[in-house]
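Undergrad: Annotations for this protein, taken from TrEMBL, read as follows:
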REPEAT    63-97  repeat 'PPR'
REPEAT    134-168  repeat 'PPR'
REPEAT    234-268  repeat 'PPR'
REPEAT    312-346  repeat 'PPR'
REPEAT    347-381  repeat 'PPR'
Amino acid sequence: MLHNEIRINEFIFSSVLRACAGFGDLGIGEKVHGKVIKCGFDIDAVVETSLLERIFVNMFNQSVASWTAMISCYNRGGRFKEALEVFVEMLESKVESNTVTMMAVLGPTLIELYAKCGQFRYCENVLHTIGKRNIVSWNMLISLYASRGLLLEALALFVQMQTQGLIPDSFSLSSSISACANVGFLQLGRQLHGYAIKRHILDEFVLNSLIDVYSKCGLMDLAYLLFDRIQFKSVVAWNSMICGFCQNGNSSEAINLFDQMYLNCLDMNEVTFLAAIRLAPRWDILKRENGFTTNSLPMTAQVVFDSMLERSVVSWSVMIAGYGMHGNVDASISLFTQMVRLGIKPNDITFMNILSACSHAGYVEEGKFYFNLMKDFGVDPSSEHFACMVDLLSRVGNLSEAYRIIKSMPFPAEACIWGALLNGCRIHRE
């Protein structure tokens, strides 16, 4: 790769360093380390972890300090499971933990535990009690606040961590910018952009967050300018830009980017796939007007779907919905069957999508079949599932059975369900 001048990224360096660790080849490992620094990856979390793994594996006497360093390194990379596994291995090796080790392990773990229970006050107590010198704990809580739209809380922590002498890293900054994006707070987003420039923290994580905030605030020219600055764009960068164009109604630009990904055989994931589905209403028209290479939406979505290395229940569910939206209920049914045969368990959204497809196509018997099938997969029908069945039966004039389903519901029928029945009465004049 080096002889052919192929650019090596941090993940390739990480894999090579792991191989050095596995073979115990310290000499080659040192040469690779030198190349890492020369290429500017010396502080990258992925590479840092691999370097520490190499050093750690080759140690004859692993002290509590080396174990703690390894745990902290995994935490910095967000690999909390591996951090706990190393901690357990340390205890099994009869190495006594100290206060620093316990802080490295317990800080992020306790914050994650309390956050999942919605107890953010306890999260901050943990942070200020045992995690105040651990940037991982600060980053985790900032990210949690940002993901829940708690902008002021996230930004307050961003300021507090600096008063504690901690310097925000790429993760701290991108999480804080994401908080601005989630609530459309442009002014603060611009200020954080300025901070990133001043601190020279403009890696792809930060740039993607900035693309997101400018896209959500309608500044697509600025978002695209940042996108264009990323020399080696990951699928995340492409998705951020495509989704930004979709959100702002720039269908032509979104499809143009999708077309570039398709032509260059770039990796696509579920987010790309979801964006393709969102472009459905304009795809064929714009293809004819602009001569895009990719085919009509169902075919293009199928191309993306087929290119996925791993297909989760989300991607299957969206594909089922996509075909249903285009009136191809037989394709939706075929996909549902394939999904089950492959051992992927449908969830409530999957059933919602297949029932909706049956409803719009008037497939009564098939709709009944899938509605009854829900219990076989342990899915309890929600009001939306009942509404779908009432709508299906009402559309074809089977009003008595639709009413029977309403009466069988384990909870009071919502207005939308009665509305579906009344609409059927209006259509069939009953």
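Here, residue 1 is simply the first one shown, and the rest follow in order.
Cβ coordinates are placed from backbone N, Cα and C, and glycine is handled just like the others.
So where do these features actually land, and what's packed around them?
TA: Secondary structure counts, DSSP: the repeat 'PPR' (312-346) has 26 helix, 0 strand, 9 coil.
Note on the repeat 'PPR' (347-381): residues 313-314, 316-318, 320-321, 323-324, 327, 329, 332-333, 336, 339, 388-389, 391-393, 395-396, 398 of its chain, located 6 or more positions outside it, place their CB under 8 angstroms from a CB of the stretch.
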Undergrad: DSSP says what for the repeat 'PPR' (134-168): how many helix, strand, coil residues?
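TA: Residue counts in helix, strand and coil order: 26 helix, 0 strand, 9 coil.
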Undergrad: Looking only at the repeat 'PPR' (134-168), what is the mean pLDDT?
TA: 83
